[in-house]
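Asks: Pulled these features from TrEMBL for this protein:
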COMPBIAS  1-19  compositional bias 'Basic and acidic residues'
REGION    1-30  region 'Disordered'
TRANSMEM  48-67  transmembrane segment
TRANSMEM  79-102  transmembrane segment
TRANSMEM  109-127  transmembrane segment
TRANSMEM  133-160  transmembrane segment
TRANSMEM  180-200  transmembrane segment
TRANSMEM  246-270  transmembrane segment
TRANSMEM  302-322  transmembrane segment
TRANSMEM  334-353  transmembrane segment
TRANSMEM  360-381  transmembrane segment
TRANSMEM  393-411  transmembrane segment
Amino acid sequence: MKEKQATVDRDNNVIKRNNDAYQGDDTERTPLLSKSDRRVQLSKWEPLSQLIVLASVYMLGYSPFFTLLNLERILYPEIGVFALMCNYGGSICSLVTAPVIAKHLGAKGSVLLGWVCQAVFIAAHFYMVPYIILPVAFLVGIGHAQAWITNAVFVTALGLQYSEITGRPQGEVMGMFQGIFFTIFQFSGIWGNLVSALVLNSPVDDTTGNESTSHAQGGNLSALCGSNFCPWEDTSGTYITQPEQYVIYIILGCFLGLLSLAFVITLLFLKDVKSTTGDSLHSVKDFLVTVWRLVFRKKMGLILPAFMVVGIGQTLVLTEFITAFTSCEIGIEYNGWSAMLYSGGLVVGSALTSRLVKHVGWVTMFILAACCNSACMASMLLYQSSGFDSLEFYFLIPVVSALGDSMWMATASGKRL
């Protein structure tokens with residue numbers, strides 16, 4: 001019996017050696033090792049290229065929305081602000097809808113949904129009536145927020161892929177990927193406002209006498225504009241004049257073009273990422289419980305005021321300052337330039353903060369940010385501008401305010417890490 005078993009084992013060993021030899025021959029015919037090394041060497045560029053694609057489509061997709069922040073109440077003074085309020089209300093509701101949408105559409109589908117929703121929001125402006133724009137703005141806010149939430153999914157997934165391929169620490173890679181994404185994304189305030197500036201930069205119709213009256217009567221400017229501005233008062237004699245309807249249609253058409261470009265690039269070049277863990281796979285209840293616990297953490301409670309300051313600062317400059325000072329005192333055609341300078345200040349401020357913080361520390365950065373914001377608000381309250389005679393005032397305030405806001409964003413992110 002033992003001899004029979006030994007014979008069987010010997011035959012099995014012979015078969016195994018033959019199979020190994022055959023596989024070895026096949027390996028020699030196909031140099032898998034060299035291909036594998038080349039694939040690993042090149043694959044580290046795939047997460048980086050996808051990150052650049054992601055940042056580029058977000059830059060294009062969010063440009064129209066950011067531009068509408070400073071145009072809405074001027075182009076549509078009766079209902080524009082309420083449309084933006086409904087949009088933000090829908091964004092708040094995304095706290096409940098985000099995990100459900102992400103589970104069914106995935107990451108790439110969520111981004112595409114965001115561009116479609118924003119295109120619908122822009123298209124609704126062609127027929128601006130309350131019973132259409134307000135509900136559309138609320139529903140669109142859900143998709144708008146969904147796209148913004150999903151950028152973190154992409155950046156995290158791509159960063160983990162790059163860390164696994166290169167062997168670099170995850171924290172270092174995530175910081176680098178976040179920096180690349182937001183540096184490119186900050187240019188979103190450039191393109192839409194550039195369209196606004198170029199389209200609205202047409203000669204002012206002097207038949208109404210608005211230009212000569214407001215420029216000659218400086219008292220009207222100080223009484224109606226600046227810190228004394230009230231949107232419900234008669235602003236005749238100022239430069240805030242409703243542009244021709246065809247001009248508004250040209251701006252809206254350009255915005256739809258930017259969103260269409262973002263949609264096509266996302267559809268063709270952005271690859272989907274699959275999550276194996278995370279809140280997107282949990283129920284809505286579990287997601288809300290997680291958020292509730294996170295909000296009441298001590299560190300998060302200290303970080304949230306910084307983000308609130310950033311939001312208030314952006315709203316103050318992109319809506320109140322540009323309307324009450326820029327549009328009222330020197331003209332709506334200068335709106336885009338002021339907003340572009342704010343976006344440029346965010347880019348420059350983010351780059352400077354990342355270098356200064358290594359030498360001066362976080363406390364000094366908080367103080368500098370507070371000084372920048374306080375100086376801007378004090379200037380808006382106390383400085384008596386004189387229209388075109390003090391043109392630098394309308395461009396300096398957005399830049400300095402952006403520097404302060406960029407410091408708040410950088411310090412909040414750094415403390416969170």
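Placement of Cβ uses the backbone N, Cα and C atoms for every residue, glycine included.
Please treat TrEMBL annotations as automatic predictions, because they have not gone through curation.
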Asks: Would the transmembrane segment (246-270) and the transmembrane segment (48-67) count as touching if the test is at least 3 Cβ pairs under 8 Å, pairs 6 or more apart?
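Replies: When sequence-distant Cβ pairs are counted, the transmembrane segment (48-67) touches the transmembrane segment (246-270), since at least 3 lie under 8 Å.
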Asks: Considering only the recorded stretches 133-160, 180-200, 302-322, 334-353, 360-381, state which has the highest number of Cβ pairs under 8 Å to the transmembrane segment (79-102).
Replies: 133-160
Asks: Which residues, given as numbers and ranges, are at least 6 beyond the ends of the transmembrane segment (334-353) yet have a Cβ under 8 Å from it?
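Replies: The answer is 66-67, 70-71, 74, 182-183, 186-190, 193-198, 200, 317-318, 321-322, 326-327, 365, 394-395, 398-407, 409-411.
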Asks: How about long-range neighbours of the transmembrane segment (302-322): same chain, 6 or more residues beyond its ends, C-beta under 8 Å?
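Replies: Distant contacts of the transmembrane segment (302-322): 66, 69-70, 73, 295, 335, 338-339, 342, 373, 376-377, 380, 397-398, 401-402, 404-405, 408-409, 411-412, 415-416.
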